[in-house]
Amino acid sequence: MINYIWLFMILSGVVAAVAQGRVELVTTAALNGAKDAVAVCIGLISILVFWLGMMRVAREAGLLEKLAKILRPVAKFLFPGVPPDHPAMGYILSNMSANFFGLGNAATPMGLKAMEELQKLNPDPKTATPAMCTLLALNTSGLTLIPTTIIGIRLKHGSADPTEIIGPTLLATLIATSIAVLLDRYYRRRVFKNH
Amino acid sequence: MYEAISFISKMMLPAILVFIPLYAVFRKVPIYESFIEGAKEGFPTAVSLIPHLVGMMVAVAIFRDTGALDFYLKFLTPLVAWLHIPTEVLPIGILRPISGAGSLAFVESILRTHGPDSFLGKLASTIQGSTDTTLYVITVYFGAVGIRNSLYALKVGLWADLAGFLASWIICSLVFAS
């Protein structure tokens, strides 16, 4: 699917540029896109270095196991295929907690660690496992208690009540996340029944 | 209510930064060495993401900056209008899953022209806040461990984005409509 989306975006972009007689738009866009992508990765370096260091301390102290033990019911419900005492569980749950409490920066390193651990359980390293898809479903639907970025932007634009949207946003993100979890279940049953 | 949540959220990071090393020292972990050991993985991980993000963001930029996006927006506008969803927020809904910065630019333009406390301003904020950049998350997470076949993860993410968009509109209409 990702192959087709990729092709679709590039192809329709080139067609649109040609139709306007401005082919040079494609070149500028491509170079800008590449530049932005590298900038994002450079920005990720500091975050990853810092949080992966912190996470190693937490892991060696046994804190991740503790978190996994406390949230065991949640973990078992969402990730039935992962052994509850596997290190992946601790990272998954810290990723979810970081997302929920608005520590977006910390969520990515924890999520990547979780993926790394889940990959160790993967019999086919090129294909995603059901647990990976569930982790992605939770992360793409963006469950968060306070949308700090958007509140900051509302404040910048002189909103009289920048936090007014917290309730509606929380409700909308809860709905999106529930749908994501339900669909993930549905597709998981459909795909892995045939295997 | 917000003050309490905001306080907790502000205290979260400092609390974690005190708690982890303190607890680790108590458990006799050589904290500094283990921090360095873990931190070493950060740089290679970030660098290994470059090809994945360049590949994805180049395609998104071509799609967005050449006018292809506008074409599809025009195509979808009647449908959205038929559903009585304000057409101004359509670009946000379409861009949100593929480019976080791109949709944010549209949110900012709505906040600027209509004001952050208008119905449109609140709706745009809610849409932006209620989902994440699906394509980015999938690229980064699967890219980091070298997964080629992402199965149904993208489909689930995109449906969730649509659900978040529609839910935002329905909730905002109920809560904020004048």
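Just so you know, glycine gets a Cβ as well, placed from its N, Cα and C.
According to TrEMBL, the features are:
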DOMAIN    B:47-147  domain 'Nucleoside transporter/FeoB GTPase Gate'
TRANSMEM  B:7-26  transmembrane segment
TRANSMEM  B:46-63  transmembrane segment
TRANSMEM  B:158-177  transmembrane segment
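Here the transmembrane segment (B:46-63) has Cβ contacts under 8 Å with residues 69, 98-99, 102, 135-136, 139-140, 142-144 of the same chain, all six or more residues outside its ends. In the domain 'Nucleoside transporter/FeoB GTPase Gate' (B:47-147), helix, strand and coil residues by DSSP number 81 helix, 0 strand, 20 coil. Among residues of the same chain six or more beyond the transmembrane segment (B:158-177), those with a C-beta under 8 A of the stretch's C-beta atoms are 85, 89, 93, 96-97, 119, 122-123, 126-127, 130-131, 134. In the predicted model, residues of the domain 'Nucleoside transporter/FeoB GTPase Gate' (B:47-147) average a pLDDT of 92.
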